[in-house]
């Protein structure tokens, strides 16, 4: 039997040069799993806790030796002898060992590393791909990539308020072609920006981070790049935005301060603005359009745009079934962003995806801005037939690692692989 004989964590670096947790799980059969934990820059206040050491003399306080020690000294002894294929039981033990609502004792970064490494070891023992282990034989849907090609907000050092402007190749016949389309548009955008004398350095997620005259100029420039690449905006390629509005929401006056444009808006004015942008550009998805605590604003946005635009809750729902349940009950949003480190275990992650699907919400599997070479989220996207993945631009190895894994999975699935394109938006009246 694949009993766990050793669990070992170490401190490694993520794509921003900050420490993160890597966990290895060994079994008596020789099966092995390794996982690396991502980290966010714009984080929701209700996310599970990521433990940092706080020692300013070491990695500017961002070390994770406390989380590493929690794995090696507290979690590891408790897991010895466990059957590594008992994912639910392992995750439940991790939750109980922590004993807090927000994983604040052991750290979500410690717990998630163990949860993912166990799943990889189990797949290794069974000699099957990770997506098949996690999802079963019916795991066959390749996701539409949501590719962040213009970065702003907390992800870039520029004057753009909206955090992410993305393209979605909904008209592609398969994932391989979707990735090709995205890559060609990415390179087309670089030439468009260069021709305008704009910066073509990239941000945390691989997208370009130029200073622009307005947030709307980002949309105009992307549409120009799509056309220059030979594709049709609105037909073959849709646009998506992640406003990450909590980052420019002012709690004191309850308004949204778009400092890049020198504009201050109320919730209702933000909704009006989004409605105007949707009428002018082929936008199919808006994430965190309002602050995570502005539920009235989110409800208004859903009433106005929820039938024709995917409204994704990230900071709003934080991959948490309690928060998602509240949103479903109150008619807020129609989609959830899934980030494994927001909740801390694979079991809880899959629970959130299931709840979303039962309610007719879509689930978008997502990376974090601080990433690694770990490609687990690519397998999760296929395992759950989620239909959408958000993992940055086709640039930087930490992003491309996920896309390359999806190419491998599509090859493995061969003729059984499916790519639903525009039909991935089953929550909209198309």
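Glycine is no exception: its Cβ is also placed from the backbone N, Cα and C atoms.
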Given Swiss-Prot lists 163, 339, 368, 369 for (2R)-2-phosphoglycerate, the same-site residue among 140, 322, 390:
390
From 42, 325, 375, name the one Swiss-Prot lists as phosphoserine.
325
Which single residue out of 216, 217, 269, 287 does Swiss-Prot record at the Mg(2+) site shared with 242, 314?
287
Can you tell me which of these residues Swiss-Prot lists as phosphothreonine: 141, 200, 319, 349?
141
Swiss-Prot tags one of 39, 139, 214, 259 as phosphoserine; which one?
259
Let me know how many other Cβ atoms fall within 10 Å of the Cβ of residue 287 (Mg(2+) binding site).
27
Where residue 163 ((2R)-2-phosphoglycerate binding site) and residue 242 (Mg(2+) binding site) are concerned, what is their Cα separation in Å, rounded?
6
Given the recorded positions 242, 339, 368, which one's Cα is the least distant from that of residue 205 (active site, proton donor)?
368
Let me know the most crowded of the recorded positions, choosing from 141, 163, 259 and counting other Cβ atoms within 10 Å.
163
So, three-state DSSP: helix, strand or coil for residue 205 (active site, proton donor)?
coil
Taking only the Cα atoms, work out how far residue 368 ((2R)-2-phosphoglycerate binding site) lies from residue 339 (active site, proton acceptor), in Å, as a whole number.
7
